[in-house]
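According to TrEMBL:
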- 15-489: domain 'Major facilitator superfamily (MFS) profile' (DOMAIN)
- 17-40: transmembrane segment (TRANSMEM)
- 52-72: transmembrane segment (TRANSMEM)
- 84-101: transmembrane segment (TRANSMEM)
- 113-133: transmembrane segment (TRANSMEM)
- 154-171: transmembrane segment (TRANSMEM)
- 191-209: transmembrane segment (TRANSMEM)
- 245-264: transmembrane segment (TRANSMEM)
- 284-305: transmembrane segment (TRANSMEM)
- 317-336: transmembrane segment (TRANSMEM)
- 401-423: transmembrane segment (TRANSMEM)
- 435-459: transmembrane segment (TRANSMEM)
- 465-485: transmembrane segment (TRANSMEM)
Amino acid sequence: DVVETQEHYKSRWRSIWIMYLTMFLSSVGFSIVIMSVWPYLQKIDPTADASFLGWIIASYSIGQMVASPLFGLWSNYRPRREPLVISTAISVAANCLYAYVHVPHSHNKYYMLTARALVGFGAGNVAVVRSYIAGATSLTERTSAMANTSACQAVGFILGPVFQTCFTLIGEEGITWNLIHLQLNMYTAPVLFGALLGVVNIILIFAILREHRVDDMGRQCKSINFEGEESGVVDQDAEGNVDHVAVVAINFLFFVILFVFAVFETIATPLTMDMYSWTRKEAVFYNGIILSVIGIESVIVFMVVKTLSKKTGERAILHGGLLIVLVGFFILLPWGKKLPNIQWQEIKNNSIPRTTSAEKLMPFWSLQATQLPSNHTVEPVGCPVTQSWCLNTPMIYLAQYISSDILIGLGYPVCNVMSYTLYSKILGPKPQGVYMGWLTASGSGARILGPVFVSQIYTHLGPRWAFSLICGVVVVSLLLLEIVYKRLIAFSVRYGRMQE
């Protein structure tokens with residue numbers, strides 16, 4: 001064991017800050033174009049429909065799910081600089097491809113799909129980032145470092161749309177550089193900016209990042225990874241088997257956490273349009289504000305949880321976070337008696353209240369007489385009568401929705417940080433690249449399946465079924481946490497090398 005020098009300490013934390021930056025840029029790469037994908041897709045390829053947009057959004061998570069274990073495996077046996085540089089270079093190239101998807105004469109939507117999938121593939125480096133931070137921090141530093149990492153990720157998700165909004169000042173036409181067929185407009189400028197940030201990140205990785213490793217007590221160790229003189233064997237504290245039951249349990253809990261949050265994000269716009277008769281523009285605007293506030297709330301929670309975990313421990317905080325999420329979705333269940341406004345009646349006449357039972361149960365075929373002429377330009381609002389549950393499911397009041405947003409915005413970041421922290425501590429000083437890759441992949445899979453689940457259940461069965469099933473899933477997660485609670489301890493504690 002080597003006592004850590006001041007110079008080693010400074011170099012170690014400079015490297016960790018580079019990891020924070022990499023995480024931030026990875027999330028910016030996802031969110032910086034998310035608001036403009038649909039109008040850009042319509043502009044470059046009129047054959048694209050809303051269902052194809054879903055594939056484009058999902059392609060990022062699919063790419064990340066595939067890449068995470070691969071980059072994680074790579075980082076176990078080679079210097080982390082290699083997968084980090086290659087993955088960032090892939091993201092840079094993918095962003096440049098996105099800026100040129102207007103050039104081909106056909107199949108433009110498939111080029112956009114490829115570009116977003118490759119950006120997601122490059123974002124698989126978050127597994128490398130997490131494994132590096134896990135290996136370069138002691139147990140007492142770990143929670144704080146993981147919280148900072150998640151905060152950087154959250155800030156990236158918040159600032160991405162802000163950057164996009166700034167670039168809208170360029171306009172749809174923008175500037176064209178004919179020599180290289182480049183159009184610099186509100187759709188391409190954000191990704192080119194993202195590519196520039198990626199190049200800066202690569203330069204900083206080469207200039208500052210060094211391989212560092214400390215054991216659970218903070219003592220300097222030789223690096224697990226091969227890098228010239230720094231390579232070496234794992235120290236004796238790494239001897240012992242990882243508790244795979246605890247590993248699988250955390251993977252499942254993390255999947256559930258990401259799944260329910262993906263459901264929450266996906267359902268926000270259609271739910272508010274159905275319940276409060278908001279127009280598309282109103283729903284996007286108001287939910288955008290709500291999600292921004294939740295993002296700020298999350299960053300504050302990340303900062304608070306670092307201090308709180310020192311007093312209560314990570315397991316108790318994870319338990320509390322899951323309970324808060326459960327309450328958040330329980331509040332969303334329809335409890336009242338008032339029914340939502342039906343879309344066809346809003347079209348018929350906004351001034352006629354729906355009071356009779358006959359009106360509520362009017363068969364679909366008899367609604368034809370209530371429709372406006374085809375040249376009417378008013379956007380229909382309310383709960384579509386094609387969703388049969390609208391006729392008999394009570395509405396969710398706005399106070400319920402806002403309360404639920406606040407609670408889920410509190411519980412989700414708590415669960416997110418604690419999952420990563422507990423996971424890294426359970427794995428101990430062994431190489432964590434592959435394990436972190438699987439954890440990232442499970443989160444990516446949840447982000448893919450969540451929107452599919454909620455779109456089907458909500459559309460056909462309504463919010464009562466959708467949110468009841470989510471509550472059931474969270475209850476199962478809480479039961480699992482109770483079962484494995486005593487096993488979710490640090491590797492060094494499990495083998496008696498440290499006190500819990």
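Glycine is no exception: its Cβ is also placed from the backbone N, Cα and C atoms.
Keep in mind that TrEMBL annotations are predicted by a computer and have not been checked by a curator.
Values in this document were obtained by computation on a predicted structure and should not be read as measured data.
The transmembrane segment (465-485) shares the most Cβ pairs under 8 Å with 435-459, out of the stretches 113-133, 191-209, 284-305, 401-423, 435-459. Within the same chain, residues 253, 257, 260, 305, 308-309, 393-397, 400-401, 403-408, 410-412, 414-415, 418-419, 422, 463-464, 467-468, 470-471, 474-475, 477-478, 481, 485 sit at least 6 positions outside the transmembrane segment (317-336) and bring their C-beta atoms closer than 8 Å to a C-beta of that stretch.
Ranking 17-40, 52-72, 84-101, 191-209, 401-423 by CB pairs under 8 A with the transmembrane segment (245-264) puts 401-423 at the top.
Of the candidate ranges 17-40, 284-305, 401-423, 17-40 has the most C-beta pairs within less than 8 angstroms of the transmembrane segment (154-171). With a cut-off of 8 Å between Cβ atoms, the residues of this chain six or more beyond the transmembrane segment (52-72) that come close are 30, 34, 37-38, 41, 83, 87, 109, 112-113, 116-128, 131, 432-438, 440-441, 444-445, 447-448, 451. Counting residues 6+ beyond its ends, the transmembrane segment (84-101) has Cβ neighbours under 8 Å at 22, 25-26, 29, 33, 44, 67, 71, 108, 111-112, 114-116, 118-119, 121-125, 128-129, 181-183, 188, 191-192, 194-195, 198-199, 201-202, 205-206, 209 in the same chain.
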